[in-house]
Amino acid sequence: EAAVERRAPPPPSPTSAVGAEPSASGGRDGEAMDNSRFRQPAKTRTRGPMHVEGNPSHLFEDTSGNMDPPGAGYEGSSTGFGLSGEGFLSDPVVSNLAMAYGSSLASQGKNIVDQNIDRFIPVSKLKYYFAVDTIYVGKKLGLLIFPYMHQNWEVRYQQDSPVAPRVEVNAPDLYIPAMALITYLLVAGFALGTQSRFSPEVLGMQASSALIWLVIEVLAILLSLYLVTVNTDLTTIDLIAFAGYKYVGMVTGVVAGLIFGRTGYYVALGWCCISIVVFMIRTLRLKILSEAAAEGVLVRGTRNQLRMYLTMAIAAVQPVFMYWLTFHLVR
């Protein structure tokens, strides 16, 4: 009966089973408890009232610390990169470099202009035609008004080049023609003013007519010299100078007309016309008839006759222009 009444052992309770077998969940709980010892409690951030300095419209606090304000390096401050315009230009090193660079550019430009300007305007040759003085101008004006007593019409040369006009009265120049043209325009304006006919447009037309007829005359002479095949040392500037000498007689005639009336105008203009014809023939015959002049006699032939006719035609056309450009100024 004792063996029958032996009771079976009670089933193990869940609590003892858990305590007897260390489970994985129990191990994790232990590790969590250990880590909780080193974990700091979370701090909650609280936003305080925003303190704005300066402009209250700023939305964020300036956290840049001691950084330079924007644009400090560009406003002439010594801090930053120093890129101020005034400070950069006031630097003596930079200013000296800029001046040296500008001077080099200017010198290079001047050299380029000097090298290329002679292709269109012979500046070095023009200096020769303006190398005059007061004595030369006085003698040349006397020669243009009274050329009958002058004997030697040859131009002296020095080392295959003609001497300057200030030491040679027979040399052509541009000073007297230029000044005579300007004086002619001034006298024409005065004459038109005395007749109540002056206006800037009329004076402009007068100047344009004088220049246009001068250009036409020079071009016609050049074409004639080319057709006649004349080998001469006459240049275009020489022809401009010789054609411009007639303005001296034109000014003399107009001034005489303003003082003495139309009678004085015709007398003075007639005298100046004859003088300019004599002057042109005696001057140009040594240039155009150079071969015959070199031999001392007039070589007969068709070519030389054409040259003589050309010389006389150039001289004869001067009075025509003188009268055409002045007759309407005296009434």
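Heads up, the Cβ atoms here are built off N, Cα and C, so glycines get one too.
All TrEMBL annotations are machine predictions without curation.
Summarising the annotation, TrEMBL assigns region 'Disordered' to 1-77.
The compositional bias 'Basic and acidic residues' annotation in TrEMBL covers 28-37.
Within the same chain, residues 126, 129-130, 132, 137, 140-141, 144, 165, 199, 202-203, 206-207, 210, 237, 240-241, 243-245, 247-248, 250-251, 254-255, 257-258, 325, 329-330 sit at least 6 positions outside the transmembrane segment (174-193) and bring their C-beta atoms closer than 8 Å to a C-beta of that stretch. Marked as transmembrane segment by TrEMBL: 174-193 (among others).
Remote same-chain residues near the transmembrane segment (205-227) are listed as 181, 184-185, 188-189, 192, 234, 236, 239-240, 243-244, 247, 288, 310, 313-314, 317, 321, 324-325 (criterion: CB distance under 8 Å, separation of at least six residues from the stretch ends). Taken from TrEMBL, the feature transmembrane segment covers 205-227 (among others).
Counting same-chain residues at least six beyond the ends of the transmembrane segment (239-259), those with a Cβ under 8 angstroms from any Cβ of the stretch are 129, 141, 144-145, 172-174, 176-178, 180-181, 183-184, 187-188, 190-191, 194, 210, 214, 217-218, 221-222, 265, 267-269, 272-273, 275-276, 279-280, 283-284, 318, 321-322, 325-326, 329-330. Feature annotation from TrEMBL assigns transmembrane segment to 239-259 (among others).
Sequence-distant contacts of the transmembrane segment (265-285) (same chain, six or more residues past either end, CB-CB distance under 8 Å): 143-148, 150, 153, 170, 234, 242, 245-246, 248-250, 252-257, 293, 308, 311-312, 314-316, 318-319, 322-323, 326, 330. The feature transmembrane segment is assigned by TrEMBL to 265-285 (among others).
Non-local neighbours of the transmembrane segment (306-325) in the same chain are 184, 206, 209-210, 213, 217, 221, 224-225, 228, 230, 243, 246, 249-250, 253, 269, 272-273, 276-278, 280-281, 284-285, 288-289, 298; each lies 6+ residues outside the stretch with a CB under 8 Å from one of its CB atoms. Look at TrEMBL and you will find 306-325 (among others) tagged as transmembrane segment.
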